[in-house]
Amino acid sequence: MNINRQYATLDEFTIKQYRSIPNATGELSALLRDIGLAAKRINVEVNKAGLVDILGDAGSVNVQGEEVKKLDIFSNTQLIGVLKHGISCAGIASEEMDDIVVFNDEISNNSKYVVMFDPLDGSANIDTNTSIGTIFGVYRRVTSPGTPCGTRDFLQAGSRQVAAGYIIYGSSTILVYATRRGVNGFTLDPSIGEFCLSHPDIKVPEDGKIYSVNHANFFLLSRGMQEYITNCQHKNETNGGPYTNRYIGSMVADVHRTLIKGGIFIYPGTTQKPAGKLRLMYECNPCAFIMEVAGGKSSNGSMRILDIQPAKLHERTPFITGSKNMVQECLDYCNTTPKS
Ligand code: P6P
């Protein structure tokens, strides 16, 4: 891991980005630094979760009907706190909150952005010390400045994101974020408590040899998707393989590996859940934005993820993302094989 000393920290990098854009107000840079601060606080608790009684169920169930681990609540609170008390965000939507949170104070009502996030994705894996993550997407508000933000500001297509990112709390803690100018990764250096540029200008390989899907759902998948997965298993030296299968069951970890090494990550719709499991607004849209800026491709099986016009905050979508040639081959199977 080569930590680039030219921009030693996330703060320096975002400030340099701001200084290089004519007429920039600095609000987006400030917002990204705010998220970095929340991530550092979440990281402290995630790292010691096994040692103090912050692990385990918080006794509540979130809007998704999932048991909420205490770290989910802590992470949600940290993100809301830094964004509400910053200068850049008018309000938020969170996986953990039934409805949007409108900050509605004079500064926030004049802020340019709204943020949607999953504060701690993969929380079902907390007890097993598996990598988990925070996922966020940033949108320019469409309602008039000077007024409280509203639902319209949040129900925007993913292509309207101005920035998106994730933090993966794993063997090291890495913050990856994308703007239209590129994707960059920052590794937390505990010795100075700062995210330092370690993965400049990330590009996802056009091809890969890793396919990532939960095989337990195989017989619930469409015929086309079954054919594609079987095709992956038949890859060998003569046709771009052999492939290997890697599935962590924590979206941020599976997406991060796909971004860095190439490959394809799939959470498809099933006969029981045609819309799949992953949420569009604060899981798939941010990851699709990052993957596309890095040169990859993301689809719901029939259309570009970032073109989906959302109807509800918590709607789900089938999700296929990764190396553009692998995603295209998957789509070819899904859209040509007769439906079973
Ligand atoms: P399954 C974690 O609970 C999560 O929401 C994502 O992080 C992950 O990709 C997916 O669910 C795993 O779901 O059904 O394969 O266990």
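Glycine too: its Cβ is placed from the backbone N, Cα and C atoms.
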Query - Annotated companion of Asp118, Asp121 at the Mg(2+) 2 site, TrEMBL, chosen from Glu12, Glu227, Glu237, Glu283 - result: Glu283
Query - Same-site residue for substrate (record: TrEMBL; known: Asn214, Lys277; options: Tyr169, Tyr177, Tyr247) - result: Tyr247
Query - Site-mate of Asp118, Leu120 for Mg(2+) 1 in TrEMBL, selected among Glu45, Glu95, Glu96 - result: Glu95
**Report entry** Nearest of the binding-site residues (Asn214, Tyr247, Lys277) to Asp121 (Mg(2+) 2 binding site), judged by Cα-Cα distance
**Finding:** Lys277
Query raised in the report: Just checking the binding-site residues Asn214, Tyr247, Lys277, Glu283: which sit within 10 A of Asp118 (Mg(2+) 1 binding site), CA to CA?
Result: Glu283
**Report entry** Nonlocal residues around Asn214 (substrate binding site), in sequence order (Cβ under 8 Å, 6 or more apart)
**Finding:** Tyr247, Gly249, Tyr267
Report summary line: Sorting the binding-site residues Asp118, Asp121, Asn214 by sequence and keeping only those with a Cβ under 6 Å from ligand 1 gives Asp121, Asn214
Report task. Mind giving me a neighbour count for Asp118 (Mg(2+) 1 binding site)? Other Cβ atoms within 10 Å of its Cβ, every protein chain shown. Result -> 29
